[in-house]
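If you check Swiss-Prot, you get these features:
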type: LIPID; residues: Cys9; note: S-palmitoyl cysteine
type: LIPID; residues: Cys10; note: S-palmitoyl cysteine
type: DOMAIN; residues: 38-359; note: domain 'G-alpha'
type: REGION; residues: 41-54; note: region 'G1 motif'
type: BINDING; residues: 46-53, 180-183, 274-277, Ala331; note: GTP binding site
type: BINDING; residues: Ser53, Thr186; note: Mg(2+) binding site
type: REGION; residues: 178-186; note: region 'G2 motif'
type: REGION; residues: 201-210; note: region 'G3 motif'
type: REGION; residues: 270-277; note: region 'G4 motif'
type: REGION; residues: 329-334; note: region 'G5 motif'
Amino acid sequence: MTLESMMACCLSDEVKESKRINAEIEKQLRRDKRDARRELKLLLLGTGESGKSTFIKQMRIIHGAGYSEEDKRGFTKLVYQNIFTAMQAMIRAMETLKILYKYEQNKANALLIREVDVEKVTTFEHRYVSAIKTLWNDPGIQECYDRRREYQLSDSAKYYLTDVDRIATSGYLPTQQDVLRVRVPTTGIIEYPFDLENIIFRMVDVGGQRSERRKWIHCFENVTSIMFLVALSEYDQVLVESDNENRMEESKALFRTIVTYPWFQNSSVILFLNKKDLLEDKILHSHLVDYFPEFDGPQRDAQAAREFILKMFVDLNPDSDKIIYSHFTCATDTENIRFVFAAVKDTILQLNLKEYNLV
């Protein structure tokens, strides 16, 4: 074999090896691209207290590891703090609304509770338990609770306050429902990834209060679906940030912005009309027509009210080709969310079969 033929042979081996390496790299790049596509980004949007964080907690219960005893124990002081926050809100509202306590001793109880620094609460001492129970049973406080739309009070107030005896026991461990109902305003961005049928669903929850929305902008890339939550029960409530603006009008304005954003042109939109249980309770004594005069359906009819609210939101979509997928939900009800999210998952996968190499 001549030197030239030996060199040609070595060269062709090098070329072959180089080609093989190149092919491997190309293959890996294609694989990486495919794997990246197997991650679906779901952006959870909605105004403050619409139920986004509760929805994320449900995903952890339904599709993740759930909450261990240790995890639940971590919520104990938050439950206590929620109770104090609720009672303090009602004590302040008693003054604002000029409602009198029926029982004289409750003036002293109110003073005791009012002076508590909620953020420093880590235990639930007997004197506070006793004061809160006596206050909650006062007809004045009950009247104040019935007028809660006139001030800011957590949806979980009644749930916790009617169960103070259980929560006050020594060795109290929050239940799954206690965890779901804890209210902690979301500041910043919370991501929760979970794996379903070899596809990663990355759910992103951003704060709903106005001050938090500035932080949304960088979440807008590669969003598969927008999941927009509306609290059905907020039709007669005012904003935390502005007490002369209706919460549902704010929610509508935000939804209109979202469905018309160029960023979201290719993202599917799923509308969750949440807190259907609270609507059913509230509609019996607070009439939708008083806040939305265009409502011409029957009073005290939850079905008519929710269909009207759904239509109000769907009508904000100017693109007739874009379908708004909608579901009525109760985010604190695990079985309801399990059922609804199974349907949502199927919708998202159907819409993205080709894009995400799922076929």
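Every residue gets a Cβ built from N, Cα and C, even glycine.
Taking the features listed in Swiss-Prot, we show where each one sits on the structure.
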residue : record              : contacts (Cβ under 8 Å, 6+ apart)
Ser53   : Mg(2+) binding site : Val184, Thr186, Ile190, Asp205
Arg181  : GTP binding site    : Thr54, Asn82, Asp155, Ser156, Tyr159, Tyr160, Thr332
Asn274  : GTP binding site    : Ser50, Gly51, Phe55, Leu229, Val230, Ala231, Leu232, Thr329, Cys330, Ala331
Asp277  : GTP binding site    : Cys330, Thr332, Asp333
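Residues 48-49, 52-54, 57-58, 61, 67, 71-72, 75, 78-79, 82, 85, 154-156, 159-160, 167, 205-209, 212, 331-332, 334 of the same chain sit 6 or more residues outside the region 'G2 motif' (178-186) yet have a Cβ under 8 Å from a Cβ within it. Cβ contacts within 10 Å of Gly46 (GTP binding site), excluding its own Cβ and spanning all protein chains shown: 25. As a summary of secondary structure, the region 'G5 motif' (329-334) carries 1 helix, 0 strand, 5 coil according to DSSP. Here the region 'G1 motif' (41-54) is broken down by DSSP into helix, strand and coil counts: 3 helix, 5 strand, 6 coil. Its Cβ taken as reference, Thr186 (Mg(2+) binding site) is surrounded by 18 other Cβ atoms within 10 Å in the chains shown.
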